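Here the structure is laid out as structure tokens; the discussion comes afterwards.
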Amino acid sequence: KDQMASSSSFLLLAVLLALVSWQATASDPSPLQDFCVADMNSPVRVNGFVCKNPMEVNADNFFKAAALDKPRVTNKVGSNVTLINVMQIAGLNTLGISIARIDYAPLGQNPPHTHPRATEILTVLEGTLYVGFVTSNQPAPNRNKFLSKVLNKGDVFVFPAGLIHFQFNPNPHKPAVAIAALSSQNPGAITIANAVFGSDPQISDDVLAKAFQVEKNTIDWLQLLYVVPIDGYQGGGACLGLGRVAEIGTHVVH
Ligand SMILES: *[C@@H]1O[C@H](CO)[C@@H](O)[C@H](O)[C@H]1NC(C)=O
């Protein structure tokens, strides 16, 4: 029995180590040919998309007209991310890169989030941004260190893969615009508040109360603010206001 227990805990350790080292090296695999334009209609499932016949590839597979030309309407937290990934340009498949335009309202923010598969390099086209990221739990001297900067037009900043980061427009009168390149054809994004307090179904408030070391009521309050997606976007938290809480309060009882 003891031997079984120790071999199963060894297995668990091995799985955990594999998971951790996989995360540490998560990035798009290198291409094995000039290009592999995604064939979105293929029923074959691979990592990414299978290649379209190269004889049928043309310039339009690497192009999207006016993709990032216009300012966007910003959401509840005052931003709008327009991401051009492999879903918008099929030619990005296997190339490990994508691009985004981010519009910020005055005092708007792109809230704390991470990209599980990409490092991001960002430049400011218009306005000013206060940006930052937090390092991971390890190693000890660098534990959860916060690195931040105020960026002006033309400045460039890097957010390392997987780390929680944000951008905030500190100007109460002027919008800001940034362009970011990301090292994945499909970087993915996890918005921290939405993932933690707005998951579907919700994470148990017992779990979150202990994790955050607060009363369950505090967690219930936060979960209430994130409970239903509004215009497809859950970001907003306290910005949603009391009217909304009253409106949804009746059916959220823990
Ligand atoms: C982003 O902007 C576009 C175009 O202005 C708009 O259709 C879309 O709803 C906006 N997205 C969010 C999340 O606000």
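Keep in mind that glycine also has a Cβ here, set from the backbone N, Cα and C atoms.
Where the annotation comes from TrEMBL, it is an automatic prediction and has not been curated.
The Mn(2+) site recorded in TrEMBL includes His113, His115, Glu120, and the single candidate from His165, His173 that the record places there is His165. Cys51 (disulfide bond) counts 20 other C-beta atoms within 10 Å of its own C-beta, drawing on all protein chains shown. With the fewest other C-beta atoms within 10 Å around its C-beta, His113 stands out among the binding-site residues His113, His115, His165. Per-residue confidence over the domain 'Cupin type-1' (63-220) averages out at a pLDDT of 97.
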